[in-house]
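One structure is given here, and the rest of the page talks about it.
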């Protein structure tokens with residue numbers, strides 16, 4: 001669609017336009033640039049929606065779009081029917097059948113500060129004649145937009161957003177997403193046919209694990225949860241979609257019919273009530289965190305609150321959505337061709353930025369994997385200064401053609417590691433240098449190899465200092481033995497001082513020596529000693545996970561722990577025996593088998609036992625008071641974190657599951673419970689208990 005030369009011209013124009021302010025442009029100046037500005041925006045739409053290869057950040061795109069809007073607002077005679085402000089960009093690739101939405105699936109107008117929100121409120125009040133407006137405020141999910149249609153209580157069609165008028169029909173793919181009910185009793189609300197809008201998401205922790213597994217296997221990483229979700233719902237095979245841990249949140253009813261009449265604004269009068277109804281029907285919705293605000297000041301306060309706590313939310317959100325709550329006002333407020341006038345998005349700080357690669361260094365991981373890391377010109381992304389980013393492996397570098405000196409688009413989503421989305425090749429000067437992989441380990445100088453079928457180079461020396469340090473860091477980490485005070489920096493310091501060389505050395509530390517190390521006082525040494533002693537009591541699965549067996553994550557570690565009485569029992573398992581355990585294939589089984597048939601590893605486990613680290617289940621733990629019972633949690637607990645509650649249940653022999661099903665024995669309900677409560681009530685087989693009853697059940701276990 002665009003030649004390389006034209007793309008370079010448009011990139012150059014992009015950065016020129018980003019410096020402009022519509023308020024300072026005369027009509028003649030605006031007239032000269034407006035068509036080029038439209039072309040620049042169309043170009044970026046094409047890069048984003050069709051190629052999925054943006055060359056600017058979302059924030060920069062929004063600035064360009066706002067510049068065009070402001071110019072057209074100042075000089076309406078410059079508006080053309082084909083202007084990007086008059087339509088929604090398309091993402092259709094014609095892989096799936098195209099279907100027309102019942103109502104247009106428009107974008108939202110964006111705001112970035114209090115002034116924008118107050119301006120929105122002023123316009124709403126002027127058009128409605130109200131002194132104070134009631135707004136609903138909810139998180140703006142950063143996922144893949146979908147539209148769902150239910151007829152006579154059955155889910156009959158699902159589609160992507162597409163160009164807003166026409167989307168791609170992906171019903172079969174959406175049917176495998178468990179948070180989309182295949183039927184819902186809309187008829188009890190007098191609704192025959194309904195169209196619902198939503199977003200497909202991947203929870204941040206599951207996305208992180210997905211990328212960690214792909215990184216370990218040398219597969220290309222997903223840039224962010226949104227890209228992973230958008231790509232997943234458009235896979236050709238629904239069974240593959242089902243493996244991706246997708247969830248769907250619905251956030252709006254756009255059409256509700258009874259006897260051919262639309263009930264919105266008459267029978268269904270308030271947006272917040274509609275979301276509550278969807279919530280009660282078993283859909284996943286923002287209802288638990290939605291707030292109805294009277295006046296714009298309450299709205300601003302709630303948006304600021306969420307900007308502070310955004311990273312604590314389980315899903316990636318990029319802002320808040322503010323809607324006029326009274327649906328009967330929507331006709332009066334109306335629409336532009338791009339967005340409704342009764343809603344606006346308040347966007348959080350940008351998560352993407354462009355910067356330059358200064359250099360590339362090579363780091364060695366605990367399994368010997370050698371990872372190239374780009375050192376960047378420091379850049380602020382989402383309130384955090386980013387100065388380095390993993391380049392994954394040689395294949396990733398070659399595929400994206402990354403070079404030292406390149407300008408790159410970097411994204412940092414929530415607690416997800418920074419990621420190079422793409423190289424801005426149009427910004428190259430000719431001075432960029434190819435990245436050369438080392439021939440030997442950068443830590444110990446040993447030869448490096450690239451095993452058949454793998455994308456990563458590995459150091460073959462298991463005593464390589466970098467590998468040893470990374471194994472120690474992993475062992476002490478929160479998800480493993482959780483040794484507070486034994487940070488990465490402390491481990492490196494202890495290693496350099498020759499205080500630790502192996503995992504058992506952690507339990508042989510000379511605390512009298514540590515007292516003399518700068519930065520360690522009597523109190524910090526005492527705290528470290530207590531934390532190390534406490535770690536000896538951790539559940540068996542944490543020890544297995546902490547040993548750093550390749551491909552063995554937390555879930556697989558739990559599977560192994562539940563299959564044995566003591567860790568030594570694992571040396572008696574053949575590869576075939578291991579493959580009979582849930583979710584363990586040949587590759588993982590081979591790594592486990594090799595680990596427990598390595599004499600050095602068996603010697604290490606024996607040393608840990610002699611140092612009184614728990615290597616067996618205690619009988620009461622294996623057959624604890626909660627043995628065989630499955631728990632699910634919903635809402636916020638006062639007594640402790642969800643992670644701590646999970647740890648207690650597992651220490652007493654129980655299991656904690658993510659979703660409600662007939663396998664679940666107890667649903668523990670905290671404050672602001674989600675849709676799991678309705679599902680449990682609907683099933684009728686799950687015992688629903690509150691926090692107080694849960695505490696009685698666990699019988700005085702320490703929740704701190």
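Every residue, even glycine, has its Cβ placed from backbone N, Cα and C.
Annotated features in Swiss-Prot:
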- 58, 59, 60, 61, 62, 107, 108, 138, 161, 199, 323, 347: NAD(+) binding site (BINDING)
- 140: active site, N6-AMP-lysine intermediate (ACT_SITE)
- 441, 444, 459, 464: Zn(2+) binding site (BINDING)
- 621-704: domain 'BRCT' (DOMAIN)
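The record gives 441, 444, 459, 464 for Zn(2+). Within 8 Å of the mean position of their Cβ atoms, the other Cβ atoms in that chain belong to 364, 368, 440, 442, 443, 445, 446, 448, 460, 461, 465, 466, 467. Taking a C-beta cut-off of under 8 Å and a sequence gap of six or more, residue 464 (Zn(2+) binding site) has these contacts in its own chain: 364, 368, 441, 443, 444, 446.
Residue 459 (Zn(2+) binding site) is 56 Å away from residue 323 (NAD(+) binding site) when you measure Cα to Cα. Predicted-model confidence for the domain 'BRCT' (621-704) is 81, expressed as mean pLDDT. Residue 108 (NAD(+) binding site) sits 10 Å from the residue listed as 'active site, N6-AMP-lysine intermediate', taking the CA atoms of both as reference points. Put simply, the two farthest-apart Cα atoms among 58, 59, 60, 61, 62, 107, 108, 138, 161, 199, 323, 347, the recorded binders of NAD(+), are 25 Å from each other. Counted within 10 Å of its Cβ, the other Cβ atoms near residue 108 (NAD(+) binding site) come to 18, all protein chains included. Comparing residue 459 (Zn(2+) binding site) with residue 58 (NAD(+) binding site), their Cα atoms are 39 Å apart once rounded.
Across the domain 'BRCT' (621-704), the DSSP tally of helix, strand and coil residues reads 28 helix, 17 strand, 39 coil. Annotated pair residue 62 (NAD(+) binding site) and the residue listed as 'active site, N6-AMP-lysine intermediate', C-alpha to C-alpha distance, rounded: 16 Å. Close to residue 58 (NAD(+) binding site) in the fold, though at least 6 residues off in sequence, lie 318, 347, 350, 351, 352, each with a CB less than 8 Å from its CB. Reduced to three states, the DSSP call for residue 58 (NAD(+) binding site) is helix. Between the CA atoms of residue 140 (active site, N6-AMP-lysine intermediate) and residue 161 (NAD(+) binding site) there is a gap of 16 Å. Reduced to three states, the DSSP call for residue 464 (Zn(2+) binding site) is coil.
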